[in-house]
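Taken from TrEMBL as is:
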type     : residues : note
TRANSMEM : 36-58    : transmembrane segment
TRANSMEM : 64-85    : transmembrane segment
TRANSMEM : 97-123   : transmembrane segment
TRANSMEM : 129-158  : transmembrane segment
TRANSMEM : 170-188  : transmembrane segment
DOMAIN   : 240-372  : domain 'GGDEF'
Amino acid sequence: MKQADNPYIIFTKLFDSLITSGCRPGHDEDTNRKIVVINLFAIVGMSITLVLGIKALFNEQLTLGIVLLSSATLFGLCKGVLLHSKLKNNHIIAPTLLVLCLLSLMLYLVIFGGVAGTGPLWIFVLPPVAMFFAGVFWGIITVGLFIALCAVILFTPGDALLIASYTHEFKVRLLLSFATVTFLSAFYEHSRQTSFIIIRDISEKFERQALYDALTNLPNRRGIQKFIDHEINRAKRQQEQLTLILCDIDRFKQVNDNYGHDGGDIALKHVADLFKEVIREQDGVARWGGEEFLFVLPTTNESNGVVLAEKIRETIQATPVQIKNTSLTITASFGVAQIHLENGLNNALSLADKALYRAKEKGRNKVLSASSLTP
C-alpha cells in the first residue's frame, strides 16, 4: 500500500484541513490558535448535540431533540462562517455565535433538566469556552449574566420558571461550584494572555535584534534581504527597474584611530540618520557591514541612482559630525549598479562593489556607476 493511500494519513490530512480552515497568514498566532479551537469545538459540539438530539427523538423526547438538533445546526453554522473567506471578521463572528449558542443551550438544560435531571452538569463547559473566545473581560460579563439568569430561574418562588425539579441544596451548590470554575477559568485565561503577550514581545525583540543593526537602527544584511527579494519579484512582475548603491565611509579607520571606537560609532550613527532623511519613502537602506551601507532603489534606473547617490554624498559632506567637541567633516564613496533581472542580484552587487572600489581609487568622495567602468 502506498503511503498516500494509508487511511490514517488520509484521515489525519482531512482532520487537519477541517480544524485549520479559516486560519490566515495575516492573522497573528493567537488568532489562528483561536480559529483552530473554534473549529474543533464546533465539530465536537455539532457531533455530540447531533447524536444526543437523534437519541432524544428516538426516545420520544421531542422538545429536547429539536433543541439539540437546532444547536447542532448552529455549531455547524459557526464552522461555515469560518469557511466563508470573503466574510469580513469571520474569526470574530464565529466565536460570538458559538458562545451565544452554548449559552442558550445551557439555559435550556437548566430549565428543562435534560435527561433524568442531568442537564445542569453541562454548564461547566461555558466558563472556559467564554473566557477563551471572548477574553477575560467579556467572558466574565457573559458568564456573570448567565449566573444571574440561572439564579433568577432557580430561585424564583414556587419554581415558576423551572420545568425540572431540583432540591434547594443542589441549586446552591450548583451555582457555587459554577462560580468557582468561573473564577479559575478567568484566572487561567488572564495568565495565558499575559504569558502570550510577554512571549510575543520577547520574540519580536529577538527578531528585531536578528534583522536590525543595534548601533545605527538600520536593517542588517539579513534584514534587507527580504526587502530586496520583494522588490526583485515586483520588478519582474511589473517590468520595472531596480538599482543598488554601495556606500563606504572614507578613511573610517582614521576616525577610529583618532577618536576611538566610540567616536567611530558616533560617526556611523550620524551618517545613518542622514541616510534616513535623504532617501525616498520607497527606498531601503541597510548597514551592509562595518562602514559599508547598501541602498535599494525601486523603480529607479542607474542614472537616477547616480543622482540620488550624489545628493547623499553632498549631504554627508555638508553636515559635519560632532565628536568630542570637534566638528569633523566626513565623506563617502559610492558605487551604483542597476539590477538586470536576467543576471541576478549578485551580479549587480559585484558591479556596484567594483564601481565603489574605482571611486576610492580616484580619490574618494565620488560617485561612480557600473556602466562608466571600462572593461
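In case you wondered, yes, glycine gets a Cβ from its N, Cα and C as well.
Heads up, TrEMBL stuff is auto-annotated, nobody curated it.
In the predicted model, the domain 'GGDEF' (240-372) has a mean pLDDT of 93. Residues 38, 41-42, 45, 49, 56, 61, 63-64, 67-68, 71, 74-75, 77-78, 81, 129-130, 133-134, 142, 146, 149-150, 153-154, 161-166, 174, 178 of the same chain lie 6+ residues outside the transmembrane segment (97-123) yet bring a C-beta within less than 8 angstroms of a C-beta in it. Remote same-chain partners of the transmembrane segment (64-85), defined as residues 6 or more beyond its termini with a Cβ less than 8 Å from a stretch Cβ, comprise 21-22, 35, 38-39, 41-43, 45-47, 49-50, 52-57, 91, 93-95, 97-98, 101, 104-105, 108, 112, 114-115. Taking H, G and I as helix, E and B as strand and the rest as coil, DSSP gives the domain 'GGDEF' (240-372) the counts 64 helix, 37 strand, 32 coil.
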